[in-house]
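A.B. asks: Before anything else, here's the structure in question.
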Amino acid sequence: MPEEMSIFPRIALKPEVHDYLRNVFINKEVLAAVSQGEAEQRFQRLLSCLSHPPALTCVRASTHLASLEEIQHRLGEELKQQKCDSQSEDISVTILPHPHIPDVLLLPVIGPRPVVQLTSEVIVGAQCGSAVLRGAHVFAPGILATPKFMKTGDAVSVFSDLEGKCTRGNKDFKGKKVFVGNGVAEMDRSNIFCSDEPVKGVGIRMVEPLYQSPSFDGVLPSLAFLQNLPSVVVGHVLGPRPGERILDMCAAPGGKTCHIAALMGGQGEVVALDKIRGKVERIRQNAKALHLDCIKAHCFNSIKAVCTDQCTTFDQGPPFPPQSFDRVLLDAPCSGLGQRPSMVCTWNLKEICSYQPLQRKLFHTAVRLLKRGGVLVYSTCTVTLSENEEQVAWALNTFPCLTLQPQEPHIGAEGMLGAGLSPEQLRLLQRFSPELGWSAAEARGEDDSPTEQPESPTPLAHRANKDTIGFFIAKFLKS
């Protein structure tokens, strides 16, 4: 199939991973419902849209501290000032409330823009390049190569290393790269590569990004929280209520933990677990910044979070007695193949497939810790069947006490065919599938929908439900 006219090439995958994913999207159940051509087209659209940023930036508003309208107004003023400080000709800022989710604000991403490449080139890592496409400046640790004599104040073009082959300190990289915008050096080359101390801070300040999205560095830190839309939906689907005891099993960096606590109005207890100490400290910092005292964060392996003996105390922290929690969120470690923008995935097939056993171990613990009548929400940010619908089929077969439940809000698509689930079960699942609503014309900034006015807020807000990262949510009730 010829390459669509996209801004960036399709995500680069190892051949074995490409073939594995293709078989996921062109499985027997899918081919019984649609033609081979339709299934192939969907898979190719997925590969294309994964390398491009979503069309809108999603901000979760701390509505437990202020009204959505006040936060919307204050955010607009902050971002206008940001544009004034950067001497931008256009200081207007569009901020829209989401039509269905009461604590979400949406900001359109402007791009791709007609930015002229410069002769001086800076190469950054793929992860850094993806962050730039979502509004970030270039932080010094992400810089791999610069011109030999780059000085503070030099204008440079920034490129993302597509294949991970650029070595740190390079002066003239010739490998595969993609242009992400122009910026101004905030450091000399010598300070970036020749420092005895670990380099910190902004290395390149982006002034002409290919995709323009506001930088949220230091902007209303207690009121506006950058979070992908499906990640906000998870908190609402869990449905926390004041006074409940809730467990977030894999909580870092704490965005969903804090959202759960905010939805409870800070009344009750939210236990957050993560096995990496530095990440647990980050959760505590986020909770403090958002004035959420009901969060208790512990450094602990969630697989071992249920007592094996006759323990009865909860207050000492993990492990906990069985049936300790009213609701459990298992936002599981996963292959992350739904993240956008992502121009390259360097993992091999063994790494991609390594998460299913871990997720099942966590699932066993989650069910044991959940009270009868309690709610378990399972979510991932990947697109595979083995980590999503197949896990649901396995869970329903392994735990007769679990039944699938309707989700509110349900703004994504239904589950994908291929795991033997019934149509009724698939409708209860929520899969955010950006490839279903993605078009190369929109990625190029063209209007391929002449019946809609681009200025109208309704189509733009509703597009946010489709143009997301790839994500999966399942909600269970324990009887």
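Note that Cβ sites are derived from N, Cα and C of the backbone, with glycine treated the same way.
Owing to the predicted nature of the structure, the values given are computational and were not obtained by experimental measurement.
The active site, nucleophile annotation in TrEMBL covers C381. Per TrEMBL, S-adenosyl-L-methionine binding site is recorded for C250, A251, A252, P253, G254, G255, K256, D274, D309, D331. Annotation source TrEMBL lists domain 'SAM-dependent MTase RsmB/NOP-type' at 149-479. What TrEMBL records for 441-464 is region 'Disordered'.
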A.B. asks: Given a separation of at least six residues and a C-beta threshold under 8 Å, show me what packs close to A252 (S-adenosyl-L-methionine binding site) in the same chain.
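C.D. replies: Looking at Cβ-Cβ distances below 8 Å from A252 (S-adenosyl-L-methionine binding site), excluding near sequence neighbours, one finds D274, I276, K279, V280, R282, I283.
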A.B. asks: Measure from the CA atom of C381 (active site, nucleophile) to the CA atom of K256 (S-adenosyl-L-methionine binding site) and give the result in Å, rounded to a whole number.
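C.D. replies: Cα to Cα, K256 (S-adenosyl-L-methionine binding site) and C381 (active site, nucleophile) are separated by 13 Å.
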A.B. asks: Measure between the Cα atoms of every pair in C250, A251, A252, P253, G254, G255, K256, D274, D309, D331, the residues the record assigns to S-adenosyl-L-methionine, and report the largest value in Å, rounded to a whole number.
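C.D. replies: Spelled out: the longest distance between any two Cα atoms in C250, A251, A252, P253, G254, G255, K256, D274, D309, D331 is 33 Å.
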A.B. asks: Give the number of CB atoms, excluding that of C381 (active site, nucleophile) itself, located within 10 Å of its CB.
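C.D. replies: Taking all protein chains shown, C381 (active site, nucleophile) has 22 Cβ neighbours within 10 Å.
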A.B. asks: Tally every other Cβ atom lying within 10 Å of the Cβ atom of D309 (S-adenosyl-L-methionine binding site).
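C.D. replies: Its Cβ has 7 other Cβ atoms within 10 Å.
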A.B. asks: Any idea which of the binding-site residues C250, G254, K256 has the thinnest Cβ neighbourhood at 10 Å?
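C.D. replies: Fewest other Cβ atoms within 10 Å, among the binding-site residues C250, G254, K256, is found for C250.
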A.B. asks: Given G254 (S-adenosyl-L-methionine binding site) and C381 (active site, nucleophile), what distance in Å do their CA atoms have, once rounded to a whole number?
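C.D. replies: Checking the Cα atoms of G254 (S-adenosyl-L-methionine binding site) and C381 (active site, nucleophile) gives a distance of 15 Å.
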A.B. asks: How big is the gap, in Å, between the Cα of D309 (S-adenosyl-L-methionine binding site) and that of the residue listed as 'active site, nucleophile', rounded to a whole number?
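C.D. replies: Just about 34 Å between their Cα atoms.
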